[in-house]
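Data block below; observations after.
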Amino acid sequence: MHYVDPNQSGSKIHFKDQYENFIGGQWVAPVKGVYFDNISPVDGKSFTRIPRSSAEDIELALDAAHKAKKEWNKSSPTTRSNLLLKIADRMEANLEMLAVAETWDNGKPVRETLAADIPLAIDHFRYFAGCIRAQEGGISEIDEDTIAYHFHEPLGVVGQIIPWNFPILMAAWKLAPALAAGNCVVIKPAEQTPVGILLVAELIQDLLPAGVLNIVNGYGAEVGRPLATSPRIAKIAFTGSTQVGQLIMQYATENIIPVTLELGGKSPNVFFADVMDHDDDFLDKTLEGFAMFALNQGEVCTCPSRALIQESIADQFMEKAIERVKRIKLGHPLDTDTMVGAQASLEQQEKILRCIDTGRQEGAEVLLGGHGRQEVGNGYYIEPTIFKGHNNMQVFQEEIFGPVLSVTTFKDFDEAIQIANDTMYGLGAGVWSRSTHTAYRAGRAIEAGRVWTNCYHIYPAHAAFGGYKKSGVGRENHKMMLDHYQQTKNLLVSYSTKAMGFF
């Protein structure tokens, strides 16, 4: 099936010529009246205009959020839970529209937005609707007359900066627990992909009290920095590059506020020899796991961009693996048969191609791909690319954020772990083995926040996600996220009528 391009007869989505910021429950033009063109990576053409906001717009959003927090912070868990469920229902009723819009804004295949991005976003709202209803405080008996009560209280107003690789889903990852915990939110979407969360806001604006959700568009230095440095937020959450994450952490220290950072990765995908013991469903699954570097055009922080293959099976495994990758269909993102779509921006496409050139220059062998492709108009397409080399090469160490895989080999278990951990990152990893003993040992030994074992790229709402080393601080998903958006109030009460006897 091929979905009709936006703004055409029969299309699932008709974009407005221009969008505004969402502040205090209203659609508000930027203070300075400046806009920028939003380019679709599918064809390289502008399809709408987005506010190029400034610090003044951030202040307006913070005004609205602080006004709303007086009531929202005190709202009952039931109220918040029911609202999150309504948000999920509204999104589900418009799933196809959101999926097509997200594809046009980001370039990813519609098969992914239909089956993963939007359904997962919906599920996150439902999951945290359940979590907040189930959350309990605590009581500690100090002695027979003294009790310590522990209450969960919202932080107040929080800032969130959303990346461009999963715009709606990453917004849901942050927004759902923040709202469930009773906070008001100011979101800054990525300037490359701002439309998706604006469409969600249009769908749910009648559900939310004014000021609980505020969205301010613009560039990082002009909007993101004023938000992250504001003394009026009680927390900042950011997903993006490690370099920008370091700045966000510095900003947070100035105001002594908590920070959640989900940053870069160079994830190892480790294939032990026993995966080739039989030509069966498990081997087929393993080969799919190898090809997962191309999911979302490789624009995933946990992209399995390093494949480590045991020497004894390297030749025969790679023969099958390359054939599997050759079957990946690159094409128009609105075609449901397309498996790899467009890179999210011209800037990103050019960066990936430079990294591919660097790989060639440093002696890495190109086993497959290695070139840009013209698919739709002037869209930003790159062939899935496989390099063969060693772990000291730049293509093994630097995050490329594209459909580029670097392959090397290892002799034994210890060398596999040594190579896997030889990186400054620690966000994700994959382990493939028929031996549960080997898989478990490897999973525990690899320094990463999530280790997929005989699977990859599964992102359930109730599994904690986050990085080791320079891949970030804190976690996302799982019920523990409520704690990340709350603070604990201890009420220590004496029920005794007698003095303590000190004075």
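From the backbone N, Cα and C atoms, a Cβ is placed for every residue, glycine too.
Among the features that Swiss-Prot reports, active site is placed at Glu262, Cys301. Residues or ranges marked as NAD(+) binding site in Swiss-Prot (evidence: similarity to another entry): Gly218, Tyr219, Gly220, Ala221, Glu222, Val223, Gly224.
Secondary structure at Cys301 (active site), as computed by DSSP, is coil. Close to the recorded NAD(+) site, the chain also has Ser53, Lys188, Glu191, Arg225, Pro226: residues not among Gly218, Tyr219, Gly220, Ala221, Glu222, Val223, Gly224 whose Cβ is within 8 Å of the site's Cβ mean position.
On a Cα basis, Cys301 (active site) lies 23 Å away from Val223 (NAD(+) binding site). Put simply, Glu262 (active site) is 19 Å from Tyr219 (NAD(+) binding site) when counted between their Cα atoms. Here the Cβ of Ala221 (NAD(+) binding site) has 8 other Cβ atoms within 10 Å, regardless of which shown protein chain they belong to. Within 10 Å of Cys301 (active site), counting CA to CA, the recorded positions Ala221, Glu222, Glu262 contribute Glu262. In this structure the C-alpha atoms belonging to Gly224 (NAD(+) binding site) and Glu262 (active site) are separated by 16 Å. Cβ neighbour count for Cys301 (active site): 27 (other Cβ atoms within 10 Å of its Cβ, all protein chains included). When the recorded positions Glu222, Glu262 are compared by the number of other CB atoms within 10 angstroms of each CB, Glu222 has the fewest. Local packing around the binding-site residues Gly218, Gly220, Gly224 was summarised as the count of other Cβ atoms within 10 Å of each Cβ; on this measure the leading residue is Gly218. Look at Glu262 (active site): DSSP puts it in a strand. Between Ala221 (NAD(+) binding site) and Glu262 (active site), the C-alpha separation comes to 19 Å.
A sphere of 10 angstroms centred on the C-beta of Val223 (NAD(+) binding site) encloses 27 other C-beta atoms. If you take the CA of Glu262 (active site) and look 10 A around it, you hit none of the binding-site residues from Gly218, Gly220, Glu222.
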